[in-house]
Each structure stands twice: as structure tokens, then as C-alpha cells.
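A.B. asks: Questions regarding the structure given below will be posed in turn.
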């Protein structure tokens, strides 16, 4: 069992493995009171006035209490982040990292701007961790990339992957969890999908072109299917072709 888990972990692509590891270590560390969540949450005042810039990153790593909701989001992170990096972004690690950075920037911007809008500032001021939102963004992008895959929700009903974010959003509301984080993740995911895939097809322009310095960090190579050399297939005997 332990060996199977180790193999599963080692086979994860680098960005998925790094994010999952950081999230689990941070959340477990807070549960064991080794790390204080008060040093991790998003606080614009502390970021600007006291230069605590790490909060712009750490608020995406803490998933609150280690309960059923934590397990669900770890499953989403391990599954859909892995599927995106292995399939849609295969051989494009820098582009995948840029997607996460874009999503984190959009989510942070939404919270900061929402906190300055009257009547909405109270709701946005309660959003101090965006880890769930970033995870949900990846679910949304995956569903847009694979809209026709048939899925089942807890064996109760089936649907296509295009509706997966809405099913999960409805489930969050049903169990009494706050749906704000998931909804923000859908907004960030839709913004990325439109700018990265839809807008370029409409205008032949690419506003989300990955910076060269990120590409330099990863020696991505084109995915090539190996074709053995000097391999010949034997001809099927004529008698066997016509044999009854």
C-alpha cells in the first residue's frame, strides 16, 4: 500500500506534486499548531505597510480544517490539476504555471477590489484564504477543455463534464458550505479560458502569452511518440488469409 502511494506521488507532474505537497504540509502544520494561520491569511494592509509579501502566496496553501471539505479539495487538486498538466498542458509546464499565477492574480484582485465596493466589502473581507478558489479554477478549466466526458456524482446521477463546476457548486450550497470561494474560482477559470483559448481563435491574438523567463525555468521538450527504427512486420501467409 505504501509503495503504491509512493509510486502514485512520484508519477505526478512537477507543478501538481509541488502544489499538493505545499498544501498538505501547510494545512497539517496548522492543524498541529506548528504554523499559525494568522501568519498566512491574505491581509492587504500587512502586505503593503509591513511588506509581508509571503501572504500573497501562503493564502493559497492553507485549506482550513482537515475535514471532509479538505479531503474533497485535495482530491480535486490531485485529480484535475494532474489531468490538466498531463494532458492539456503536456510538454508545456511553463504555460501551466503561468495559468496558476494568472488565476492567483485574478482572485487576489477580485478580493481587493470587492473589499472597496460598498455593500460588498463586508462579504469580501471575510475571504482571507483563496486556496479553495484556485483549486476550483482548475476544475473549471478542465471541464471546459473536456466538456463531453460523462461523469457520475456519488452514483446518484450522471452528467457531462461541462456541468461539473455547477454540480460541485450546488453540492457546496447543499451541505451548508460557503459557495463564494467556488464561485470566484469559476470567474477566474472562465477569464483564463476565454483569454487563453477563445479570444485567440476569434482574433488570432494571444494576450496570455507565457513570459520567456518562465519558459527558461523549464526545459520542456516537444512530446514525441517514439517510432522504432528498422522494424518490419512479417507478411501474413496467403493461405492463412483465405483459410476458412
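Indices start at 1 and increase along the chain as displayed.
Glycine too: its Cβ is placed from the backbone N, Cα and C atoms.
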A.B. asks: Name the residue range among 183-199, 200-216, 217-233 that TrEMBL annotates as transmembrane segment.
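C.D. replies: That would be 183-199, the stretch labelled transmembrane segment in TrEMBL.
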A.B. asks: Please find, within the list 19-41, 42-64, the residue stretch that TrEMBL describes as transmembrane segment.
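C.D. replies: Of 19-41, 42-64, TrEMBL gives transmembrane segment for 19-41.
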A.B. asks: Other than its close neighbours in sequence, what residues sit by the transmembrane segment (19-41), given a CB gap under 8 Å and a spacing of at least six beyond its ends?
C.D. replies: 12, 55, 58-59, 61-66, 70, 74, 77-78, 81, 100, 128-129, 131
A.B. asks: Which residues, given as numbers and ranges, are at least 6 beyond the ends of the transmembrane segment (96-117) yet have a Cβ under 8 Å from it?
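C.D. replies: Hits for the transmembrane segment (96-117): 15, 19, 42, 44, 56-57, 60, 84-85, 89, 123-125, 127, 130, 133-134, 137-138, 141, 184-185, 187-189, 191-192, 196, 208, 210-211, 214, 217-218.
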